[in-house]
Each structure stands twice: as C-alpha cells, then as structure tokens.
Amino acid sequence: MADNSPLIREERQRLFRPYTRAMLTAPSAQPAKENGKTEENKDNSRDKGRGANKDRDGSAHPDQALEQGSRLPARMRNIFPAELASTPLEDFDPFYKNKKTFVVVTKAGDIFRFSGEKSLWMLDPFTPIRRVAISTMVQPIFSYFIMITILIHCIFMIMPATQTTYILELVFLSIYTIEVVVKVLARGFILHPFAYLRDPWNWLDFLVTLIGYITLVVDLGHLYALRAFRVLRSWRTVTIVPGWRTIVDALSLSITSLKDLVLLLLFSLFVFAVLGLQIYMGVLTQKCVKHFPADGSWGNFTDERWFNYTSNSSHWYIPDDWIEYPLCGNSSGAGMCPPGYTCLQGYGGNPNYGYTSFDTFGWAFLSVFRLVTLDYWEDLYQLALRSAGPWHILFFIIVVFYGTFCFLNFILAVVVMSYTHMVKRADEEKAAERELKKEKKAASVANNTANGQEQTTIEMNGDEAVVIDNNDQAARQQSDPETPAPSVTQRLTDFLCVWDCCVPWQKLQGAIGAVVLSPFFELFIAVIIVLNITFMALDHHDMNIEFERILRTGNYIFTSIYIVEAVLKIIALSPKFYFKDSWNVFDFIIVVFAILELGLEGVQGLSVFRSFRLLRVFRLAKFWPTLNNFMSVMTKSYGAFVNVMYVMFLLLFIFAIIGMQLFGMNYIDNMERFPDGDLPRWNFTDFLHSFMIVFRALCGEWIESMWDCMLVGDWSCIPFFVAVFFVGNLVILNLLIALLLNNYGSFCTSPTSDEEDSKDEDALAQIVRIFKRFKPNLNAVKLSPMKPDSEDIVESQEIQGNNIADAEDVLAGEFPPDCCCNAFYKCFPSRPARDSSVQRMWSNIRRVCFLLAKNKYFQKFVTAVLVITSVLLALEDIYLPQRPVLVNITLYVDYVLTAFFVIEMIIMLFAVGFKKYFTSKWYWLDFIVVVAYLLNFVLMCAGIEALQTLRLLRVFRLFRPLSKVNGMQVVTSTLVEAVPHIFNVILVGIFFWLVFAIMGVQLFAGKFYKCVDENSTVLSHEITMDRNDCLHENYTWENSPMNFDHVGNAYLSLLQVATFKGWLQIMNDAIDSREVHKQPIRETNIYMYLYFIFFIVFGSFFILKLFVCILIDIFRQQRRKAEGLSATDSRTQLIYRRAVMRTMSAKPVKRIPKPTCHPQSLMYDISVNRKFEYTMMILIILNVAVMAIDHYGQSMEFSEVLDYLNLIFIIIFFVECVIKVSGLRHHYFKDPWNIIDFLYVVLAIAGLMLSDVIEKYFISPTLLRILRILRVGRLLRYFQSARGMRLLLLALRKALRTLFNVSFLLFVIMFVYAVFGMEFFMHIRDAGAIDDVYNFKTFGQSIILLFQLATSAGWDGVYFAIANEEDCRAPDHELGYPGNCGSRALGIAYLVSYLIITCLVVINMYAAVILDYVLEVYEDSKEGLTDDDYDMFFEVWQQFDPEATQYIRYDQLSELLEALQPPLQVQKPNKYKILSMNIPICKDDHIFYKDVLEALVKDVFSRRGSPVEAGDVQAPNVDEAEYKPVSSTLQRQREEYCVRLIQNAWRKHKQQN
C-alpha cells in the first residue's frame, strides 16, 4: 500500500491531528457523551475490551506502547507525517481522550506527553515561550547535549577536587539550571499531570541543582555529596541502543514488579528478626572469664570487686593465634571454656565491631538479612551455635530455606518473566518493522509499475533488493540467462584469489585437497591440538632447563604444523574459498599471531603475544560437538550478553561514583578507627577502589565492606550497600539467567550433533585400511556398515530406556522376563526342554523369586534394613572405640547385612534375570554394593584394614528407595535426567577455565611467595626486597596456599574465585605480586584486578548459571510428564488441563451452623465478623511491635512495662479464645491457626502462674516467645487484598511440597557425605575452619558443617584443614595412634564433588521449582483461573448449599451465576447463557457443582479468546455414587419448547372444536 494512498491519509488524519485551542475545552464535554454509552456497552467492555488496555477486572489503564518516553509502534511510525514532528498533537492514547493532555512526537518517533493546563499558572500550550521550551526539550540534540554533559561531569567526579574542578562545577551547574528552566517552562512545575516534579527522575535533578546553589553560600558538609546522585542520569544513555533499551526496560519492569515480593520479604525478615531477637538477645556477648582468685590477690569477694575483676579484658580467655575473644556456651554441644574459666554473658562488645548481634531489633533485622543473602553467614552461624548449642541449627535451616531458597528465587522468577515479556515485545516490534518494510517494497514496486516504469526486482542475500532496468536485464540474460554478469571487483577478486591457472596446478590442488580435507587429516589435527593444549598446561613454576626446552621445542613444532596446515588448505581451496569458512579464518589468525610471537620472541615487553597461544585451545571446538554447540549458541546470543554486561558495568560505574562521593573522605579522615590504623584494601578513596568494592557487593559480598564503611561513617552505608546488592546481585545477575533461558535452550536440552562422530569413524576406517596393507592377518577385522539414522536413534533410545528403567518397570509384569540376553541363547542353543523337570523347577524358582521381589512388604523390609544400616554407619564416629558394646553390634550387623544383601541380590537375579538386572542402574548399584561387602568381608578376615571403607558404599543404596517415595519421583528423575547435561557443562566449564588457568600460570606462577617472620606476618619490601635478603635475615620465604604455580593449583584457585570463598586473599596476592623471587608490594600490580573481573564474568556468572538453565528446563519436562501432560500440548491446553484438575479435586465445604442459644449466637456473630478479625490483626501487630522493642540491657522499669503490656495482650487473646470457642464450639479446632492460638493462650497463662516451675522443669520462656511469634503468621491471611502477594503466596503454597522433597534429597546427600566425612576426616588436626565444634568427629557435627558447605560457605577453610599433609602428625600403628593428617587428593575429590552436587545442582533445583510454579500461577491468573477464583466460587456455592450436599436446585442456578464475581460471573439476564453452557441436570432437578464449575471454566476461556475444543482435553470422570445426570440445560429448554408447542397445538385444537 502506497504512502499516499487514501487509506493511509485517512488513518493519518484520524491519529495525528494538530493540537488546537478548541481542544483545550473539548475534553470537558466528552465525559457526558461517553457516559451515555456506558450501560449500552457494559457487557462488551467486559468481554471484548481493549486487551492490553484493560485490567483483569475490566478497569482501563494507559496503553503501555504509547506511554510517556516510549517510541511509536512500528505501524504508527511508518505513517507518521514528518511535517508534524516536534509539533503538539492531540493525544492518540484512548485512555487520555477525556483528559487535558497533548503529545509531541519527534522524528525518531519518541513520545512526549504534556498537560494542557497552564504552566506556572500563566503559560498555556500556545504561549510562544512555552512552545519554544517544548520544541527545545524534545529535540534529540538537547538530550544528547545533557547526556554528554552528565558523562563529562562523571569523569570529573572521578578526579580529585582542585580549583579547576570547582570552576567546572559552576559550569555544569549553569547547564543543569538551564535544563531545569526549560523543562519547567515546558511541563509546568508540580500541580498538573506530567509536570516537572511528577517525574521521579526530575526530583533528583532539582534537589541536586538546589543543593548546588545553597553550597555556594552555606557549607552543607556531607550533604553536598548528594550531587553524586546526578550520575544516575547517565542511566538514560541506554536509550541510544535498542538492545540496551530492552535490557533496561526489563530491569525497570523487574524492579517495579518486585514491590509485592519485597513486602513479603520484609514481612518474613521482620518475623525472623523478632524470633532471633527473642532467642539470641545477648548470647553473642558470652565469653570465658577466669575464676575469681581465691588467693586474696584481689581481696575478699564482693560484688564490686567481682564486677571490676570480670570487666577486665585481661581475665578473658583468648587463644594465642586468635584476634577476637572466642564465644562460649553453657548448653550441651556449645563451645566449652578451658579449666579455670566460666562462661558468662554481657562482657565485651559483640563481634565484628559490634555490628553482629541480636541485641536490638535493628541489628537482628540486619543479621537476618545477612543470613538470607548468605553473605559471610557462616561466621554468624558458627558464633550462634558455639554460644547457644547445636540444636539452634533449626533456626538457621528455617531462615535459609524460606528466605534464601524460596523468596530470593521468587526474585529470579519475576526477573525472568519481565525479561521474557520485554524480549517478546521487542521481537514483535522487529517483526512488525520487517513486515512494514516488505509492504513498503511491494507498494513501491506496484507504484512504479503503475507509472509505466517496467522494472524487475532481484533479491540479494535475502535482505536488500536491487532494481534493474529491463534493458540491462535483457542484455545480461544474453550472456547468462540466470545470473548477472560479475562486476570488475568480483572479476579482480576471482583473478587474485581463485587459483585455477593451469591443469597441473589444479591437479596439485586436488592432491593436496584429498589430504587436508580427509577425515584422517582432521583427526590428526585434533590430536595435535590436544597435545598442544597438554604442552601449554604443563608450564609451571621452577621448571628445569631441560623441561623448559622441551616445551619451547614443542611450541615450535606445533606452530610449524599449524602454518603448514594453513598453507596447504589455502593451496587446496584457494584464498577465496578458504576464508569463507569462519573456522579457517580463526585458524589463520592463530597462525599470524604465532608467527608474530616467534618473530618478536626476544624483544623485551612484547611477550603479550605469548598469551595469544591460548586461542589455540578454542580450535578443539571444531572437533568437539558439545563445545562447538556451546560456542555457536554463545556467538548467536553475543549481542544480548553484551547488552547485559553494558548495563551491569554502567550500574557499577554509577554506584562507584556515588560511593566515592558519599564515603570517600570518611576513610581518610577516620583511618585511625581501623584495628591496625591502616587503610583497608576495600575502600572508597578513589574510583578504582570504589569500583572494585561495588563489584564485590554485586558478587554477593557486601556485609564486611559495609562494616568498614560504618566504622568510619554512619548508618547511611546500610541503604547504599543493600541497594547495590539488590539491584546488582538479585536483579542484574538474574537477568543473565533469564538471557540464558531465552537463548540457551538448545544447548541445555538438545542432543549434540553427531557429524564429527561420523568423521571420526571415517578416520578410524582409514587407519584400519592402512594397517591392512601392512598386516594381511587383520582381514578378520570387519567394520560394521553404517546404520541408517533411524536405526541409530531407535537403538540409542532403547539403551537409554534400559539405563533409566526403574525396578518397578522391570517388575511390572506378571511373569519374570527372559533370564539372559538373546546372544546367550544363540550361543547355547542346547537347553533343557520346556516340559522337563529341570526346566519346570527352574521356572518355579524364578516364579517364587519374582513374586517375592514384587511383594510390597518385602520391598519395605529391604528399605527398613537400608535405613537401619545407614543409621548404624552414622553411629560410627570418633567415640566408637570407647563403646565396646556398639563396636560388637556393628561388627555382627556387618556380617548379617553381608549375608542379607547377598541373598537379596540372588533373589533379584532370579526374579528379573541377568539381562534386566545388568541393564538397570539401580540393580548395578546393588551389585556394586554387594561386591564391596564381600570384598570388605574377605579383607576383614585377612586382617587388611586399608580397604575396609568399601562397606560405606552401602549408604548409596539410600537413593534407590528415595525414588519410590511419593512425590519424590519428579525430583529424582530431574536429577537423573540432568546428569548427562550437567556433565557436558562441567566439561565445557573445565575447558573454558583451562584458558584462564594457563593465563594465570603465565601471569602469576612463582609470584605469590613472600617473606614472613616467626608470627607469619608479611614483612615490608623495605625490610627484605627479595628472596635472598629474606633467607639472609633468617626469615621464612613461603608460598601462599592458593597459587598459580601450575595448572592444578590454578584450577583450585579459580574455583575459590568462582565461588567467592577465599578469593580476596588470592586477588590480594595477585595485585601485590612483582617478579619471581621478589617481595610483594601492596597494590603495585593493581590492574591485575581485570584478570579476575573477566574470569568472574565469563567463568562464574556465565558458566555456572548454565546449571540453573538446565535444571529449570528439565524439571519443567519431568513435571509435565508426571502430571500426564504432553510436551506437544499448546499453552492453552496446559492451562485448561490444570483448571480441570482443580475443578475435579475441589469440593464444597459445609458452613458452620449458627447456635440457637442467644449468648452463643452473639459470640458466633462476633467470631465471624470481619471487623473483629481486623481488630485482632491490629492487636497482633501491636503485640509483635512490643516484642520488637525488647532489647538487651534494658532497664528494670522498661522490663516491667513490657511485662504489663504482655499481660494485657494475654488477657485480650484469652478473651478472644473464649469468644471463639463459645461461638464456634468444636468447629473452632478445625482451623490450624485456632489450635496455635489456643495452645499459646494455655501456655502463656501457665507461664504466668508457674513461671519458675515451667522454666526449670517443663518449658523455657524462650519457647513461649516462639509460640507467640507464630501468631504473626495469621497476618498472611490479610494479604488477600493485594493480588500480587496472593499470587506469590499461592505459588509458594503449591511449590512447598516439592521444595520439601528437594530438601529431603539434600539431606540424604548430606547424610552420605557425613558418613564418608567421618570415615576420612574425623581425626584431622584442628586448623582453618575445623575446630572443637565444627568438625567431622560425630555425625551431628558433620551435618552441621555440611549444611554450611551446601551453600559453599567457608569451604576454603575446610579444605585447608582436610588437605593439611605437612603441619600434622603421621599415624603410629604400634601405639594405635590414627594420626591427624589430611589428604590433599581426598580433600579435593570430597569437597569439589560435594560442591557440584549441592551448590550447583540441588540448590539450583529450588530455583527450578520456584520458577516453574510462579510461571504457572501467573499464566493461570492471566489466561486461566486462580485459586482465589475457586475459593470465591465455593464461598458463593456455600450460600446456596449450606449443608455441602454438592447439589443445588436448577431454579437457583441463575442466582448463583449472578452472585459470583468476575471472571466467573454471568450477569442477568443469563437465561440463554445457561442454555449455551449445556450443564447436566441430575434427578430431582439438581445441579452438580463440578458440572457448573467446568462449564464456567470453559466459558472463561472462551471469553478470553482461548476457546478449548471439545476433543482437546478430556475431563476426568466423576465417580460420585449419587451422580446420575438425566438431562441438561439445553435439553431441558428443548423439552420445554416442545411442551409449549404441544400445549399451543392442543389449545388451538380445543378452540377449533
């Protein structure tokens, strides 16, 4: 369609009309006109409203595509007349039709919306001054000028303050003032919509500009630092690039969508904080105090002398190598004091400058938030358990489960939904633009043809069209009727780059091509690449000269091979075709850099070319399908990834400048407050340090930096660091996961390509043929012919199915399967006849074993035996030798279990046969365990103890019954299905990390050594400059435990960096490093931070997030499979199927009958009254608030006031309990919340009467406080008014069971590792994170430690202890001493495997579960029905069916449908709607509730534009005994119609007669 067509002109005139003075008064007259249509279009507006411009309840809202600051949609932008750009227009958003607004659209299509009211009470939209201001404001050059000014200002903010910067500040202030004046004149100040101060961005601009003028007269001190917040305006630069805009729109939408979740999170933190306050108030001040001397050195014992003695810190216990005083406790399992000391509370401050405590509500809230974010939480965890006892792990489990695993993953779900929405919107916009371009091209061709210019359009590369005159086209067709003649450039390119000059040369090309393009040559190059990678990985510190020469020679050889390969391929293919392959281009670049490295090898300062050797590693992707797939997908999504990285680093830049301006001077002015009086490495004194401290907070470590900031500053550090963590870690990094989910689905779930496998098979075939020429006796070797792809697929599926088949699948039949495979029967055809006695006996034995194996009681007995033997393993701790009875029990149980599991294996072998037994993973596990048992038994009889740990393998059998637990199938199947994909990601991650490991060896090998004194204090470089000086002065030249001396250590160091545990020391050593054998200097090599930043971005943020992607996708598939949903079902079918399932599972509830007795009736009315519930809610809030103001060290008067208030609340809650019990009677106890209330009241009253007795013998007041805090959970019922909170709580409620299943799986894994941890590490020496409380000596202590390690917290300290092989004592078998040495190899295998299984797999399953359920709930709320809709239906149904008979009368149906609320409501008159629903009618004219609900569900889907066909989804059958439909509403209408016809005919007949 042409641009000047009548249709376009009409649409232009309708949409884009210049704003006139007449329109200023027009909107006031329009409401009356519109109101006249309200009743007329009521039903249409409800059912057929403007989709995106209507809320779920039908209320209108502005069109998001036309909102202020947006860009015109593609179709509107295509028809927008250029002459109306920057001109006031009538508002084209229907929402603003009745409001005094107008819009201005720029040439680029940006929308600016203004109020039609007078600006500053005197400037209407047509005043020349305001029109000039509007025209200036909407000009892109004005925005670009302001943005450039802000960016330049940001650069000057980085610089130190000088006279020049002061003058520039005045210049910037003048520019900002002009901007404010222009915008205020154009928009107005504040009174009208879209005024200047109605935009939150302008609040900051105005405040900072105002402060700038005030500071010219008055010194505002630190308040002047608020000017730093102007840097937030640089955020608007993202609108320049469309890709950046998509990311920022997703970020903004995520933050705005998180408001409901933030309120829920704050409520949860509030509850946990009050609970922590009541439990741990003052606990973290407990210290070991020396006994009062009895020798009279302090005089006689008096209270004053006791206080002075215990207040003296010299009398507090502190080990020699400790910095802070250790905490202690008086409960079992807590930290014990040494002899001569007593654990007392209230001495000294709290840990970490006093900022870690539960003494007041504020500090408790901060501590709980720290627990939820898992930042250095292991320190608080260890402090609390050391001082309160090991059973307090339950508090931390609850906080971490609900806070971290649940609510923080809700943030991921919201961010993923926001990103998906914005990407979908951007894709739709791009698709619309592409469609418009096609229409425009077609219209242009049609227009030219109509004007008599006969032309032909030829599409080139699918993107652009070239219009060629018919005469030229005919001339070209004479030479080549199909292709156009090549241009001069093409002919010159062919002459120079296509080498086909003569026949001998072409033969030479063919011969070389046959070699270099053969599969054998490809395999040879792959082997060379692997060898080259191996040689690069062998580089290490302190290599001898001979080894270094070998590596150098190897590099020369590999470089020569690559050069020869490139030259041969260029000769064989010619340059034109060689460089068309991207892999060839990559290979050629590597060759160029290799030649440059060889040529500049001896030049000082150009060793940087050595780093380009690492590019050779990526050549392996050409021969590794998994890596190739990963890199290809990574390349495709490169743009989106770069956009996310840009937004992330822009945020870091903004926060870094803000932090530097706000807190920078505090570190300089108050440096003496730090313990050593030295400036900490992480500070805000300059931009680089500010950037790194903000980057550290983005990585999840913010609490320690915040403590330092608060030590030299004030509480304002808290909101800054919380904001950085929230936006950076919880939103930006989750955006990266959303990007992976959106772009990496093929890598996460699709199988890898087998093209390279076929090449490898061809190469191996060639090798066999070559050997055949030399060895004729190899003729017997035959290669099987290639199977068709379909056969391969079928075979692989069969094998995979056999591997994944569970025991229940094998035992599902009625008869035992074949015992052996088909090949066995072919090899031994002579078997006993089927009717022989031997065969019958064999069959009977197998039949009996088969029936026994199928018996559920036998299976339960085996499971019970497994649990018992696992419990016995848990009892084998370090104290077992001190319990001889238990030793004998475990010994005899081992014998019995060995016999039992052997018998069970024989029974299962007879039952399922060898074929099925050895093709099932679970039976293979049983077989390995039994073999380990037998081997262990033999070794015990032989007196060999080295391999007796093989019996621990039986603990792995716990996973088999785990898969049979109800509800665990989805979790275990997700874990099993994810294993191959996880293994692929691990391999890709190891390969990807290899690049950084080799680079780290090249950069830091041998440079982490340092000179230390006898106290392990690093000496200054001014004392010892190098290794020789250190040894000459009799100091110690030692290496850091984590270093880059070789690739193995480099991998371990990178793992600590990727998990952000122990990474600070590694980075400190790196930036302090100089040359080999040189003493480090603080931050002399500070730009080495870049190496770690790049690794964290690509190696941690990118690679490790792939695990989340895999688990989310596979869990979704397994859950659909478990629910019987097909992967081919449409989205509407899935939503409707879920709605049908809810319909069939819900039932009406009987209403509580009202008592007939008048006093009880009054109590009933009060109990069910909503105002009474609101009153009690307010009282609960006040009760919790009183609990929150409780604090440690409060005065006696304050405590008495709290006691009186507590008594008042107990009386009030007692009265409430009496009222409800009297009114509701026994129905009161059917509500779990009422049971909690009743239990609290009973225990509270008992506590008042028998406080001393209860505290000493029955229950402590602390537990009463815990029960009291549970009442706060009742507040969750009052979140029903907030739809967003209801959806989140609904998703949590639905996911809770699956989340518990994941937690149970995590516990089983912890159980297994606790057993192995006790076996391997119970005797290790206390070091690092291992001490008298946290160790592997007992099962309980192992679980406590493994729970901490499940979040990767403190694993670096644990590794240091269990890998200690030097500073320890070797075992002495003669003395029976087991030794306290660790094992480096065993420690690495134990910890790395545990971290991968828990942190990267199981913990990420929480995210998968939460995301899946949140998406389901939001899909249902948008296109389906929520649980609130079902609850509403049953509440209304209860009014018509108070006895819960599940039936109502047919004549009540119309009233029922009218009484419902949207979206289920069907307003009167609804007679014909009822007929169209065709609801079944049962006997006695009753309607069944499921029929009504199912009909309403179908009606809702139909009205929302997603009708479900009759055959799409079959609803489950109703198996009610009394359900007997006899008719339907439609059939009843037909019957009534027929009756009326008969009656009318009869009347006519009677009248005629």
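Placement of Cβ uses the backbone N, Cα and C atoms for every residue, glycine included.
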*asked:* If you compare the topological domain names in Swiss-Prot, are Lys99 and Asp1332 on one side of the membrane?
replied: no
*Which of these, Asp63, Asp1356, Asp1367, Asp1372, does Swiss-Prot list as part of the saxitoxin site with Glu378, Glu704, Trp1063?*
Asp1356
_By the record in Swiss-Prot, which of Asn447, Asn683 is the one labelled N-linked glycosylation site?_
Asn683
*Annotated companion of Glu701, Glu704, Gly1354, Asp1356 at the tetrodotoxin site, Swiss-Prot, chosen from Gly913, Gly989, Gly1062, Gly1099*: Gly1062
_Candidates are Asn300, Asn888; I want to know which one Swiss-Prot annotates as N-linked glycosylation site._
Asn300
*Sort out for me which one of Arg549, Arg613, Arg1027, His1032 has the most neighbouring CB atoms within 10 A, since those are the recorded sites we care about.*
Arg613
*Could you tell me the C-alpha distance between Asn300 (N-linked glycosylation site) and Glu704 (tetrodotoxin binding site) in angstrom, no decimals?*
45
*Is it true that the transmembrane segment (720-740) and the transmembrane segment (201-218) have 3 or more Cβ pairs under 8 Å, skipping pairs fewer than 6 apart in sequence?*
no
_Chain residues in Cβ proximity to the intramembrane segment (687-707) (below 8 Å; excluding those fewer than six residues from its ends, i.e. six or more beyond)_ = 158, 352-353, 355, 370, 373-376, 648, 652-653, 655-657, 659-660, 664, 681, 717-718, 721-722, 724-725, 728-729, 732-733, 1060, 1086, 1089, 1093, 1096
*Are there at least 3 C-beta pairs under 8 angstroms linking the transmembrane segment (584-603) and the transmembrane segment (393-413), leaving out pairs fewer than 6 apart in sequence?*
no
*What other residues of the same chain, not counting Glu701, Glu704, Gly1062, Gly1354, Asp1356, have a CB atom within 8 A of the CB centroid of the tetrodotoxin site?*
Tyr376, Phe1060, Lys1061, Trp1063, Leu1064, Ala1353
*Averaged pLDDT, computed only over the residues in the topological domain 'Extracellular' (876-888)*: 87
*Could you tell me which of these disulfide-bonded residues, Cys709, Cys717, Cys1368, has the greatest number of Cβ atoms within 10 Å of its own Cβ?*
Cys709
*Can you tell which of the binding-site residues Glu701, Gly1062, Gly1354, Asp1356 lies nearest to Gln1002 (site 'Interacts with the spider Mu-diguetoxin-Dc1a') in space, using Cα positions?*
Gly1062
*So which residues does the topological domain 'Extracellular' (1317-1338) touch in its own chain, when a touch means Cβ under 8 Å and the partner is 6 or more beyond its ends?*
333-336, 378, 382, 385-386, 390, 876-879, 949, 952, 1344-1346, 1348, 1354, 1356-1362, 1364, 1367-1369, 1378-1383, 1386-1387, 1390
*Taking Glu701, Glu704, Gly1062, Gly1354, Asp1356 as the record's tetrodotoxin-binding set, what's the max Cα pairwise distance in Å, rounded to a whole number?*
17
*To the nearest whole angstrom, what is the C-alpha distance linking His1032 (site 'Interacts with the spider Mu-diguetoxin-Dc1a') and Cys1011 (disulfide bond)?*
11
*Measure the Cβ-based neighbour count of Asn300 (N-linked glycosylation site), defined as the other Cβ atoms within 10 Å of its Cβ.*
6
